[in-house]
Amino acid sequence: MTGPATPGVTARVPAKVNVQLAVGGPRPDGFHDLANVFLAVGLYDEVTATEADELRITCSGPDAAQVPLDRSNLAARAALALAERHGRSAAVHLHIDKDIPVAGGMAGGSADAAGALVACDALWDTRASREELLEICAELGSDVPFSLVGGAALGTGRGERLTPIEVGGTFHWVFAAADGGLSTPAVYCEFDRLCAAEGRTVPAPEASPALLDALRTGDPKALADTMSNDLQPAALSLFPSLADTLRTGSAAGALASLVSGSGPTTAYLAPSAAAAEDIAQTLRTSATCRTIRTTTAPAPGAQLLTAR
Ligand SMILES: C[C@](O)(CO)[C@H](O)COP(=O)(O)OP(=O)(O)OC[C@H]1O[C@@H](n2ccc(N)nc2=O)[C@H](O)[C@@H]1O
Ligand SMILES: Nc1ncnc2c1ncn2[C@@H]1O[C@H](COP(=O)(O)OP(=O)(O)OP(=O)(O)O)[C@@H](O)[C@H]1O
């Protein structure tokens, strides 16, 4: 006889934009040291964990066809890592309701990993400490710890060592998902190639004090004046049409336009919610983008929507 179906547990996790991404030279382990100023934005994936006979992943949403449903999925890897540490089976059905563009430089896979951890921890009652969850996150990927904590934070090391940053206001953003994706390692490789080709010595990455001040005071103009992304030239070199999209957003009133992380999503900081809608409308009619979204930041990190 089977008992009543156990209700699932859902976690909601935000996307991110990097308002500063300062990249150092390549490390012996293949990563790059960063001064990575993360800002969580209000586009979310939801991960629902339900008891099952075996580990199973399903996905819905506009980009679902591009998401792997095997054990390479970051959400599956997160569930396996938590189960292994607690000596239990990872038999769980994880459903990902995906709103964050796939391979867009907005940490969508990382969000799903953080969401799966929080949801499985609640479903299995493993009661992992925050420190343990952060440790598993860092093992899964450089962006995953930030997906767990959200808000704003400076990531050092390969981006996994986080210091929270205070944010003194709400920022209005437009995001344009490009038609296609970029591989994160390929963009870092192109960064190295461009630095070598230009004979540039890459300085140790450092967070900009003026940018941190702009976040603290919540001043969009000051943030626009100080934002930077060292991966942008590499992303533009691999995806040249992004330059036109960036120009269109700037001409439509964005205070600043930049590639989000490793791209190819582009991000536009707007002076107000109304200006964000205007920029979005212009991008919709004049640029070749897959989808255009407006939202605000900062957003909270991984959160349970349904308690058991
Ligand atoms: C571009 C960013 O999204 C900015 O936040 C991140 O740096 C990328 O973070 P992520 O997607 O979580 O990346 P990981 O899964 O940790 O690493 C994927 C690959 O990206 C490159 N990588 C990543 C992070 C880093 N600090 N240096 C790197 O060179 C490496 O080739 C690595 O093998
Ligand atoms: N849960 C997942 N969601 C999306 N992609 C996943 C997931 N798990 C694994 N992947 C794989 O990871 C690749 C990168 O996807 P993702 O959406 O995380 O990129 P991204 O947002 O550019 O990452 P980041 O900004 O952290 O560098 C995809 O092409 C896909 O093959």
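Even glycines carry a Cβ here, placed using N, Cα and C.
Automated prediction, rather than curation, is the source of TrEMBL annotations.
Features as listed in TrEMBL:
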| type | residues | note |
| --- | --- | --- |
| ACT_SITE | Lys16 | active site |
| ACT_SITE | Asp143 | active site |
| BINDING | Pro101, Val102, Ala103, Gly104, Gly105, Met106, Ala107, Gly108, Gly109, Ser110, Ala111 | ATP binding site |
| DOMAIN | 73-151 | domain 'GHMP kinase N-terminal' |
| DOMAIN | 212-284 | domain 'GHMP kinase C-terminal' |
On average, residues of the domain 'GHMP kinase C-terminal' (212-284) score a pLDDT of 98
Result for ligand 1 contact check over recorded positions Lys16, Ala103, Gly109, Asp143 with Cβ cutoff under 6 A is Asp143
Same-chain, non-site residues whose Cβ lies within 8 A of the Pro101, Val102, Ala103, Gly104, Gly105, Met106, Ala107, Gly108, Gly109, Ser110, Ala111 Cβ center for ATP are Ala15, Ile100, Thr265
Checked against DSSP, the composition of the domain 'GHMP kinase C-terminal' (212-284) is 42 helix, 11 strand, 20 coil
Grouping DSSP H, G, I as helix and E, B as strand, the residues of the domain 'GHMP kinase N-terminal' (73-151) number 46 helix, 7 strand, 26 coil
Counting other CB atoms within 10 Å of each candidate's CB, the least crowded of the binding-site residues Ala103, Ala107, Ala111 is Ala103
Spatial neighbours of Lys16 (active site) among the binding-site residues Pro101, Gly105, Ala107, Gly109, Ala111, using Cα within 10 Å, are Gly105, Ala107, Ala111
If you measure between the CA atoms of Gly109 (ATP binding site) and Asp143 (active site) and round to the nearest Å, you get 9
